[in-house]
Amino acid sequence: MEAVLNQSSSNDSPKSRTPSAKYQLNANPSPSGQEGADGDSVTSPITSPPYWVQSHQRSSSAISIESIPNGAITLQDNTDGEDAKNNACWAKSVYIEDHVIVNGSRTGIGAFVVWNITVETLHGGTMRIRKRYSEFDDLRHKLLQTFPYSQAAMPPLPPKSVISKFRPKFLENRRAKLQYFLNCILLNPEFSGSPVLKEFLFS
């Protein structure tokens, strides 16, 4: 099936001239050309098969990674266990359950917040750790030093506030963002096996 473009000649009278080009679809075109509406032989300007015609067949098993254009988005199976970087992933999820406000003195001066964190591993075990905000900040700083080109994969920490640091709404917003930060770090195979992260978790 081939598309043929028939356009009225410039010598036609104004009455017979159509305002736009007509497209005619011939189901049985001849090998050398087609007859237009006026009986003349018209050669199709289309040299390649139209989009609805399968030009060649190729099984999915014959497609190789070398045939994929540069920059194309591809899917990769990371469940085969052969990728050493993928094997570095050991955490399944991270939750910051709640927090505890630790008073530094009777007057409340020097008080700080400690976050209760639960880490679920891929093998079904759990870890429970307690960390201050300053320790999250130290972790991110050390990771940026170790992986200087991975800043885009490392979300920023929630901002500090001297006035609102113990208010429930502020603490809930901080909890959610710290949890998101930890998930991005622990579930990233580039960071999950880092000694910097292990120091944060086990120290």
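Residue numbers in this text run from 1 along the chain shown.
Yeah, the Cβs are placed from backbone N, Cα and C, and that goes for glycine too.
For reference, TrEMBL has these:
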type     : residues : note
COMPBIAS : 1-33     : compositional bias 'Polar residues'
DOMAIN   : 93-203   : domain 'PX'
REGION   : 1-50     : region 'Disordered'
Requested in this report: Mind looking up the mean pLDDT for the domain 'PX' (93-203) in the predicted model?
Outcome: 94
Query raised in the report: With DSSP helix as H/G/I and strand as E/B, how many residues of the domain 'PX' (93-203) fall in helix, strand and coil?
Result: 48 helix, 27 strand, 36 coil
